[in-house]
Amino acid sequence: MTTTAVTHIASLVTNDPSLGNGTPLGLIQDAAVVIDGDRIVWTGESSKAPATDNVLDAAGRAVVPGFVDSHSHLVFAGDRTQEFNARMSGQPYRAGGIRTTVAATRAASDEELSANVARYLAEALRQGTTTFETKSGYGLTVEDEARALRIAGRHTDEVTYLGAHIVSPDYADDPAGYVDLVTGPMLEACAPHARWIDVFCEQGAFDGDQARAILTAGRAKGLHPRIHANQLTYGPGVQLAVELDAASADHCTHLTDADVDALGQGDTVATLLPGAEFSTRATWPDARRLLDAGATVALSTDCNPGSSFTSSVPFCIALAVRDMGMTPDEAIWSATAGGAAALRRTDIGRITPGARADLVLLDAPSHVHLAYRPGVPLVSAVWRSGQRVV
């Protein structure tokens, strides 16, 4: 295989505390990275880099791991601009919310949906995202949910079955019947196309008992749990996530002390989604409280047409630092290694020998600029699995 060295990196974020300055980011100054095929095979000081077939001079710019976006909803059609405009104008809007997207998604062709996913993922890639999870949840029939997962699987191997996004409009008068569908025929059709199962555990969606039944059924089919938890109100979602060893509890906006302690002591990652609070003018999650309790925190976009229509992880990093109590170091770790932890992956989110060669070259000397210069397109080059893709 051809080897490539990226040299003269001003600041390299490895996410290996044993390297560099000994912090969680494992920062190495004046660094180099060697790529062989799809893997990283060497990191260290630029002056000590081994000979390679190709050399790229970073010219004093920073390199960070590819961003890991562990929560998105990309298989959809249409948009919800009217809803957003009404919300930002302080006007009531009752035209359907998620149901609006469900109707548009059901009406779209496979080709239209796949093209939409490809477009949003290309948009994210240009901003440094090299790993992305995405969900179903805008079909809410057996056929449409399975179709969404098949389409998602063309673009990523981190696919989540979210038949339990809301109760389908077709079952508005029979929510128990819809839970039976989600845990029965829909699960049978969807399980072969997904790695994960998710549920929106919230007032107006699924209560704790329903969420438990859905996640337990999915686990019996080999799908690992994730959960939308405690976004709009206090509720049982976080405690259920920890109890069921869910990989991630997502949103985590309204937390009791017991919720925070459970996340601090368990293996479930608290995935924070600042784009949702930004887009809805809602209360910000308290990242500082979680971090101080010892919780593992991930940052993700929650890219979706209703409450967080952004594919930009750098934007979410800036929000987390400005409004959620995170330091720049904590935010970059959460958007890379934290996202990897939320997907229970050890091959991504870091720049160390053996990891997948996912790198982002910034047009800046330090990762801090991602928060320091919000809205500025700082991504200069992106490698995914050893291939330069931007």
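Backbone N, Cα and C atoms are what each Cβ position is placed from, and that goes for glycine too.
The annotation Fe(3+) binding site is assigned in Swiss-Prot to H71, H73, H228, D302 on the grounds of sequence analysis. Positions annotated as Zn(2+) binding site by Swiss-Prot: H71, H73, H228, D302. Marked as 4-imidazolone-5-propanoate binding site by Swiss-Prot on the basis of sequence analysis: R80, Y138, H165, Q231, S307. Marked as N-formimidoyl-L-glutamate binding site by Swiss-Prot on the basis of sequence analysis: Y138, N304, G306.
Cβ environment of H228 (Fe(3+) binding site): D198, V199, F200, C201, E202, A205, G237, D250, H251 lie under 8 Å away, each six or more residues apart in the same chain. Among the listed binding-site residues, namely H71, H73, R80, H165, the Cβ with the most fellow Cβ atoms inside 10 Å is that of H71. A distance of 12 Å separates the Cα atom of D302 (Fe(3+) binding site) from that of Q231 (4-imidazolone-5-propanoate binding site).
R80 (4-imidazolone-5-propanoate binding site) and H71 (Fe(3+) binding site) have their C-alpha atoms 19 Å apart, to the nearest angstrom. A Cβ within 8 Å of the Cβ centre of Y138, N304, G306, the residues given for N-formimidoyl-L-glutamate, is found for these other residues of the same chain: H73, F76, R80, I98, T101, G137, P305, S307.
The Fe(3+) site is defined by H71, H73, H228, D302, and by the 8 Å test on Cβ atoms against their centroid, the other residues of the chain that qualify are S72, K135, D250, H251, L273, A276, S300, C303, N304, S308.
Non-local neighbourhood of G306 (N-formimidoyl-L-glutamate binding site): R80, E83, G97, I98, T101, each in the same chain, at least six residues away, with C-beta under 8 Å from its C-beta.
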